[in-house]
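Novice: Submitted below is the structure of interest, expressed as structure tokens.
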Amino acid sequence: MVSKLITFHFTEYKRSKVTIVGVGQVGMACAISILQSNIADDVTLIDVMEEKVKGEVMDLQHGSLFLKTSKITAAKDYSDTANSRLCIITAGVRQKEGESRLNLVQRNVEVFKNIIPNLTKYSPNSILLVVSNPVDILTYVAWKLSGFPSHRVLGSGTNLDSARFRFLMGEKLKINSTSVHGYIIGEHGDSSVPVWSGANVAGVNLQSINPEMEQQDPDGWKEIHKKVVDSAYEVIKLKGYTSWAIGLSVSSLTQSILKNLRTVNPVSTLVKDMHGITENVFLSLPCILGSPGVCGVLRQPLQQRESEQLRKSAATLWSIQKDLKL
Amino acid sequence: MVKYDDLSKKEEGEQHGEGEEMASVHEKLISPVADCAPEQPRNKVTVVGVGQVGMACAFSILSGNYADELALVDVLEDKLEGEMMDLLHGSVFLKTRKIVANKDYSVTANSRIVVVTAGARQQEGESRLNLVQRNVNIFKHIIPQIVKYSPNCVLIVVSNPVDILTYITWKLSGLPKHRVIGSGCNLDSARFRYMMAEKLGIHASSFHGWILGEHGDSSVPVWSGANVAGVCLKSLNPNVGTDKDQENWKDVHKQVVDSAYKIIELKGYTNWAIGLSVADIIESLVKNLGRVHPVSTMVKNKYGINEEVFLSLPCVLNSCGVASVINVTLADDEVAKLRKSAETLWNIQKDLKDV
């Protein structure tokens, strides 16, 4: 009947394929965000849990009527991920009770040793976007294991921290978060750096209005950064994990890369030789993202205190990285 | 419960405080113009139940920008707060400014649409009647509160067994039947269209086919209407959908029926497709589109059905709810199936207590 109904002319070709490694809550939130924003024409999911991947992909495929992504695939092995433009890595092990950070990292290195070479084998020209934590270290690990030039390996870094930062500042000022501008840079996590000197609304620098912003600050601005840092823990305590916000943030980065938008986003990139950093580490700085990956890094003027913090983070990361068996 | 209010409250505290030198950043930065009293939401959507289905519905609603306010309700307070926070943290990427959550139903006030995904799941070996009775008890708590705070809303029931629970919702709410809709066969039809389209190498939206009646094992695929660009499959293959069909197209319907079980077996639950399909229904309602969807509606007096039961038929959905129903010409065996479903549903419904 098919041949009676339709005369086929062309075969298909793919241009914007995204592979997502890991179908846990974060991976699936990334998947649904990317699908609902219509930015890829092929989304492939892969995980060691085969049944789960199959089930998730089936569920997504059943929503095809409402989506505009023609191909959603459950990879049986890495060959199905071939020719991806972007590979998003959300897989990894979680910290066990009382586990040292170094130990967690080494365990994740073993997981990445399985994932990264396989991804790069089948998509040698792709861009790698690392989401798994600790993201800055794991982005370094992905870079080392892939052998890719550094502009093609980035970490989701403080993109989400900055989004939370803008949300909280927006709530405080009763303005939409998209109209409040502010960057959190550096290490994703407890020692991230809020660049108060850049926080502004319509170009009006907030610090110029309240120079005490970071210090005594009766206004309660300093606590905003603390709230950002605590965010993940708070949400995890309440619902067990975080998913929606990170999914949306990754989808936003994906859009910039696939559509060559050249937007500026704080993502984890190789920062050696920036802000006086001498180690081969990845930290978040405002980067221009496009089809080649990280097209450029903004030379953001930082205060003494801020660049010191970056250098301190770099030293901490390096002390862990140097002992890793890669 | 909404913690973020603290941030701006601190500002306001300062405003009535000391002197010039204590003026907040807010005051210095912003000169008020309009006296912006909080407005009533115009397209508020409430989702009851923040399990996997509820949150998938919530996310799809946010992605589609259908609501100007989203409210979440559940009995699990921590989970509720965590989910709300996680969504709020994505605000920079969204266009729905107000996202609220509380176990108290006052948070749902003035909703245009309320989606009910809450309910008990079938326990091993549990009879359907028992499951339904348990859900009646849950709905007895939920529905009156929804209606109390949003007397003009349209209710969408997603919880299973959806056709029975839509009936229960209608009874407990006292709302007119056009304002109580069951998600019904909207998802079944979406799955059908996807699977048929895959076989034909086209996009699901270009394959037209309807699954009607009872959501679940006894749903009815209306093969006579299945078409692509107006070309009826039946005109190409008169046996399509029957056991005589050599190409075995009937199997596609079986796959649709088995879908949910299969996915649950593989990943533990289904959520993405149902979330997308519910958002699709909501789009028609809030935008007053008048699109036709196969959703569960009161079918007494149609197709010779005498019982007050809800089954899926093609319904025209606009801002008032179910504006009208399309009168589909069904084959005798299809009508028989609908009537049998009605009978089965009524057998369960008539024994329910306190509805």
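Backbone N, Cα and C define each Cβ position, glycine as well.
Here the structure is a predicted model, which means the values were calculated and not measured.
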Novice: For the NAD(+) site that TrEMBL lists with A:Gly22, A:Val23, A:Gly24, A:Gln25, A:Val26, A:Gly27, A:Asn108, A:Val131, A:Ser132, A:Asn133, give the additional residue from the candidates A:Asp47, A:Asp80, A:Asp161.
Specialist: A:Asp47
Novice: So how many other Cβ atoms are close to A:Val131 (NAD(+) binding site), meaning within 10 Å of its Cβ?
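Specialist: Excluding its own Cβ, the number within 10 Å is 28.
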Novice: Within 10 Å of A:His188 (active site, proton acceptor) (Cα to Cα), which of the binding-site residues A:Gly22, A:Gly24, A:Val26, A:Asp47 do you find?
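Specialist: So far as Cα distances go, none of the binding-site residues lies within 10 Å of A:His188 (active site, proton acceptor).
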Novice: Hey, does DSSP put A:His188 (active site, proton acceptor) in a helix, a strand, or just coil?
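Specialist: SS state of A:His188 (active site, proton acceptor) = coil.
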Novice: Using a 10 angstroms cut-off on Cβ to Cβ distances, just flag whichever of A:Gly22, A:Gly24 is the loneliest among these binding-site residues.
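Specialist: Among the binding-site residues A:Gly22, A:Gly24, the sparsest Cβ neighbourhood within 10 Å belongs to A:Gly24.
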